[in-house]
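**Q** Have a look at the structure that comes next, please.
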Amino acid sequence: MELALSVANYLRPIADALVYINTTKVHPVWFPFALAPTLHAARVSMIFQANARRASPAAPLSWGTHIAGFLMMSWGGGLLSHFLLGLPPPMLYSFYPAVNYISVHLVVTLIFKILPDLLYPPVLDTILWPLDALLRTNAVTSTLGLLSSHNVHPEYQNSPLTHLIIGALVSSGGGLTAATLSAWTPTWTLSTPPVLRAGAGWVGTLDVWGGALVALIYSSTTNHPAFASLHTYTTLILSSPILSVTRKPHADADFPPLTSLGAASLSAAVLGVLFAARVASVHWLAPAPAVHGVQGQPHRSGSAGGIKKAKKKAQ
C-alpha cells in the first residue's frame, strides 16, 4: 500500500494536468470544446505544416489537400481504433470534431503565415514534449476505456494483444497514414510506411511501440482481466525476498491496482521520458539527418549544432 501511495504522490501534478485538459473548456460559450482535443488539433497542425514546408516549399498545398491531410493526421488513429472495435467514430456522426479541429487548424495556419519564423520544430518540440506525452497518453487511455462497452466483442476485451494494438493504433495511426500517403505534399503517393523503412530505429518507431507501452502500463496497473497473469507474476516478483525485506502472506494486498487516473499518470510519465529522449537525440545530440517518427515529429534535418556549423562553413 505504501508503494501505491508513494506513486500517487509523485504523479499528482500529471494527474491534475490530465484532469484539467479533459474538464476545462476553451470558452464556455464561444468555443465550448475541451482543451484536450483543441490542443491536439493545434499540435498536429504545427507538425503537419512543418512537414509540408519541408517537403514542398516551392509548391504550396491547395486548401482541400491542406485540410484533408491535416484531418487524416489528426483522426487516423481514432478512426482505425474505432473500426477495429466495431464502434462508430464520433468524427463520422457529429459535426463538433470537424468544427473543433478545422477551426484550430485555420487559426494556427494564419499565425504561421503572419509569423513564419515561429514554425521552428527544434524549439517547438523541445518546449512541448510534456504536452505531447499528455495528449498521446490521454488519447490511448480514453480509447482503451471503450473496451468496456458491451458492443465490443469479449475476445477483444480480454485479449492483451488487442490492448497493445489499440495503443499502437491510437498513438501512431494518424501520422503513419499521413506519412505513408505523403499527405503533406501536393500530390499524394502510396509509399512504404516510415516504421518499416531501413534505419527507422527506436526514434522512428517510438510512436508505435510507445503507444503499445502506454496500453500495457495502463491496463496492467489497473488490474484489467486481460493482464491478470502479468499482474500475478509482477506481484510475486515485487513481494519476493530479494525486493522485500518481509514476505507478506497476501501479496496482492501490498500492491493494489491503481485508479484509472493514476495509471494514466504513470503511463504519461514513462512516455514523457521517452519523448524527451527522442527530442534530445534528434534535435540536440545527433548531427546526422533525423529519422522522422510516425507523427512526422521530430522534423529537423540535423541537430542545432550541425545547423550552426553549416552556416559558418557557408560564410
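Each residue, glycine too, has its Cβ placed from N, Cα and C.
Features from TrEMBL:
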| type | residues | note |
| --- | --- | --- |
| REGION | 292-315 | region 'Disordered' |
| TRANSMEM | 63-85 | transmembrane segment |
| TRANSMEM | 92-115 | transmembrane segment |
| TRANSMEM | 127-149 | transmembrane segment |
| TRANSMEM | 161-184 | transmembrane segment |
| TRANSMEM | 196-218 | transmembrane segment |
| TRANSMEM | 230-246 | transmembrane segment |
| TRANSMEM | 258-277 | transmembrane segment |
**Q** Tell me whether the transmembrane segment (258-277) sits in contact with the transmembrane segment (92-115), defined here as at least 3 Cβ pairs under 8 Å among residues 6 or more apart in sequence.
**A** no
**Q** Below 8 Å between Cβ atoms, which of the listed ranges 63-85, 92-115, 196-218 makes the most pairs with the transmembrane segment (127-149)?
**A** 196-218
**Q** Checking distant contacts: for the transmembrane segment (161-184), what same-chain residues at least six beyond its ends satisfy Cβ-Cβ under 8 A?
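**A** Apart from its flanks, the transmembrane segment (161-184) reaches 44, 47-48, 51-52, 55-56, 61, 65, 68-69, 72-81, 84-85, 136, 139-140, 143-144, 147, 155, 190-195, 207-216, 218-219, 224, 226-227, 292-297.
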